[in-house]
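Marked as signal peptide by Swiss-Prot on the basis of experimental evidence: 1-21. Annotation source Swiss-Prot lists heme c binding site at 29, 86, 87, 134, 137, 138, citing experimental evidence.
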């Protein structure tokens, strides 16, 4: 009887650890996605004419986007489809290769943009590849906000 209770207690503890780990990965990816969103804000302000072009800020933002894009695919394991507050659509796991490829393309676009953006004109001419990759992922793999 004591062995049975100990076994059940152990399974409950293991199960709760799984739930916490699952929630942790969701929290991690949400934090990185928020960080990426924050990195785009100064660029968007420059594009709208709300802020003066600042190459150092653009470079820092693009570096953050490239770096974060490389981390994100690992933060969408199959066991994180449910169990937390997430806007991730099931399509992510149905077409994980395409999803992961979009992050690779985003990282490549951000890295390439770092090499080509030197002023306001080149920002406007070259940022589309970065922002387009963001949009593709949001359109296909993120639940729409209501």
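Keep in mind that glycine also has a Cβ here, set from the backbone N, Cα and C atoms.
Cβ-based neighbour count (10 Å, all protein chains) for residue 137 (heme c binding site) stands at 20.
Of all Cβ atoms in the protein chains displayed, 12 besides its own lie within 10 Å of the Cβ of residue 87 (heme c binding site). For the binding-site residues 29, 138, the ranking by surrounding Cβ atoms (within 10 Å, all protein chains) places 29 first. Following the DSSP three-state reduction, the secondary structure of residue 87 (heme c binding site) is coil. The local packing around residue 134 (heme c binding site), expressed as other Cβ atoms within 10 Å of its Cβ over all shown chains, amounts to 18.
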